[in-house]
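Annotated features in Swiss-Prot:
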SIGNAL    1-21  signal peptide
DOMAIN    43-290  domain 'Laminin N-terminal'
CARBOHYD  114  N-linked glycosylation site
DISULFID  117-149  disulfide bond
CARBOHYD  128  N-linked glycosylation site
CARBOHYD  268  N-linked glycosylation site
DISULFID  291-300  disulfide bond
DOMAIN    291-346  domain 'Laminin EGF-like 1'
DISULFID  312-321  disulfide bond
DISULFID  324-344  disulfide bond
DISULFID  347-356  disulfide bond
DOMAIN    347-409  domain 'Laminin EGF-like 2'
CARBOHYD  368  N-linked glycosylation site
DISULFID  377-386  disulfide bond
DISULFID  389-407  disulfide bond
DISULFID  410-422  disulfide bond
DOMAIN    410-459  domain 'Laminin EGF-like 3'
DISULFID  412-429  disulfide bond
CARBOHYD  423  N-linked glycosylation site
DISULFID  431-440  disulfide bond
DISULFID  443-457  disulfide bond
DOMAIN    478-604  domain 'NTR'
DISULFID  494-604  disulfide bond
CARBOHYD  564  N-linked glycosylation site
């Protein structure tokens with residue numbers, strides 16, 4: 001099917017002549033009457049630029065041209081009306097417009113009756129003469145057609161580049177001796193495993209094409225019927241430049257002229273006379289194809305910088321519409337197909353961000369629905385879609401999420417709250433002990449305001465809190481408080497099960513016991529109870545309260561060394577005779593870290609049964 005269609009296109013092209021290519025080139029920039037990239041309902045659909053002769057008017061560079069250094073004489077043989085083959089000679093002079101044969105004539109406007117020809121310098125060994133055509137951007141090509149003004153070359157090769165001539169890939173080889181000239185077996189079968197392999201053939205000499213050689217890019221390629229889903233063939237037909245390299249004009253002179261078998265008929269001629277018949281001459285180099293836009297544009301235009309580029313639709317961008325335009329990264333870019341235009345979709349940032357990125361993992365987890373992640377959310381918003389309020393702000397439900405003031409400040413009291421954050425649903429700030437209110441702006445029932453910024457609200461004392469505190473006989477039972485030692489050493493650290501740095505937040509009396517609310521800030525030794533950072537309680541017995549052993553102050557930091565005590569029924573830590581409490585100072589950190597390191601390495605001093 002593909003082969004017959006290509007042959008039909010080639011036949012139609014040949015019948016109309018080069019003017020057909022000029023026609024499409026002339027109107028390829030004109031905007032269509034309707035947008036082919038959307039159907040009548042506005043739904044995006046695949047669209048492609050018009051089929052044109054991509055070579056028309058494009059520059060061609062020849063490695064060799066006759067008459068460049070000096071006038072050259074070249075001769076051809078033609079069959080006259082009487083059937084007699086006669087030799088006709090002309091002069092090529094690049095300085096004379098009427099006698100010059102530059103490579104630019106290959107892509108100009110030709111007609112069947114007025115064929116202008118490029119001619120190479122006549123030579124006894126005309127090898128490795130090349131023609132390089134630059135298309136200016138990527139095209140998806142259907143065929144390359146070459147119309148020769150003289151006898152067809154015996155051996156030549158077609159190459160393509162997809163990176164503006166930096167690298168070259170062979171397209172097709174032509175030769176009557178493929179193995180000798182190109183080191184390739186002739187007419188190799190193409191399978192799906194070698195669809196990008198260049199084939200060597202002698203069909204140009206043996207076929208009925210006369211002086212024209214045409215190479216259809218997809219002919220005999222197995223995946224041509226499924227081109228949309230074949231990245232291999234899509235790459236195969238993509239090119240920015242085409243190069244033709246002539247390797248051999250003819251195996252021998254007699255074959256060149258199609259004369260009698262008497263190869264010595266020109267034996268008396270000089271080398272200069274013989275070489276006048278050895279040259280390459282081509283009148284037309286045509287390349288049929290479409291501007292490559294990956295199904296996202298119906299035409300190509302010149303941009304403000306003068307570059308030939310696709311007029312991209314479907315929220316795509318790039319010279320070939322090969323990427324999504326900025327802020328349209330909610331889905332991955334894809335080539336448009338007959339079933340899906342694969343339009344790029346804008347990120348959903350609720351109008352709070354101007355930039356976003358694509359996250360493939362999020363896209364997969366969403367069931368291939370959304371993968372956009374908003375960047376630099378503004379207006380105090382946060383989240384991948386700027387759909388949340390950042391810490392310190394809460395949603396104003398009276399306004400839509402797209403409003404620039406959709407997130408308002410929590411307004412947490414700087415003294416009564418533990419931070420600036422609040423509950424995203426209720427707006428409730430996190431209050432310090434004894435503080436209440438949505439913004440933590442007042443003392444709770446049973447508490448009174450203090451002058452401390454650490455504990456702004458303290459519990460109002462009751463008579464029960466002071467029972468027994470004035471009994472002198474109990475005070476007489478108090479001895480020296482060993483819980484607060486004069487100095488801290490390695491042995492004390494090693495004998496205790498846990499070691500933490502804590503800050504005292506509040507104090508209250510419960511049945512004669514002093515209950516301190518503390519926050520463990522650092523853990524140097526966890527013990528079997530697996531001490532963790534965070535809020536907990538520290539209990540001091542009634543006797544310790546009376547004796548003020550230890551004497552703790554709200555807002556101060558301490559180093560607490562203790563033994564595991566799971567017998568008591570109170571939650572938190574218990575101060576007992578084995579507890580060591582040292583008020584935290586700046587120079588204590590290094591000492592504690594040193595003790596902790598030795599303890600972990602088993603370098604503790606020998607421990608006796610003495611209590612300390």
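Cβ atoms are placed via backbone N, Cα and C, with glycine included.
Bear in mind that the values here come from a model prediction, so they are computed numbers and not experimental data.
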Query: Would you say which of the disulfide-bonded residues 291, 312, 412, 422 has the most Cβ atoms within 10 Å of its own Cβ?
result: 291
Statement: Rounded to a whole number of Å, the separation of the Cα atoms of residue 412 (disulfide bond) and residue 440 (disulfide bond) comes to 6
- prompt: Taking the Cα atoms as reference points, how far is residue 344 (disulfide bond) from residue 312 (disulfide bond) in Å?
  reply: 11
Field: DSSP-derived structure type at residue 291 (disulfide bond), helix or strand or else coil
entry: strand
- request: Check the Cα-Cα distances from residue 386 (disulfide bond) to the recorded positions 114, 321, 443, 604 and tell me which is shortest.
  value: 321
- request: Count up the helix, strand and coil residues in the domain 'NTR' (478-604) according to DSSP, in that order.
  value: 25 helix, 45 strand, 57 coil
- prompt: How big is the gap, in Å, between the Cα of residue 324 (disulfide bond) and that of residue 312 (disulfide bond), rounded to a whole number?
  reply: 10
Message: Roughly how many Å lie between the Cα atoms of residue 321 (disulfide bond) and residue 300 (disulfide bond), rounded to a whole value?
response: 11
Query: So of all those recorded positions, 422, 423, 429, 494, which one's Cα sits nearest to residue 440 (disulfide bond)?
result: 429
Task: Out of the recorded positions 128, 149, 494, give me the one sitting nearest to residue 347 (disulfide bond) by CA distance.
output: 128
Query: Within the chain of residue 117 (disulfide bond), which residues six or more apart in sequence place their C-beta under 8 angstroms from its C-beta?
result: 101, 105, 149, 281, 282, 283
Field: DSSP helix/strand/coil residue counts for the domain 'Laminin EGF-like 3' (410-459)
entry: 0 helix, 19 strand, 31 coil
Message: I'd like the number of other C-beta atoms within 10 A of the C-beta of residue 457 (disulfide bond), please.
response: 24
DSSP residue counts for the domain 'Laminin EGF-like 2' (347-409), split into helix, strand and coil: 6 helix, 18 strand, 39 coil
- prompt: What number of additional C-beta atoms lies within 10 angstroms of the C-beta atom of residue 429 (disulfide bond)?
  reply: 25
Query: Which residue, of the disulfide-bonded residues 149, 344, has its CB surrounded by the fewest other CB atoms within 10 A?
result: 149
- prompt: Near residue 300 (disulfide bond), how many other Cβ atoms are within 10 Å of its Cβ?
  reply: 25
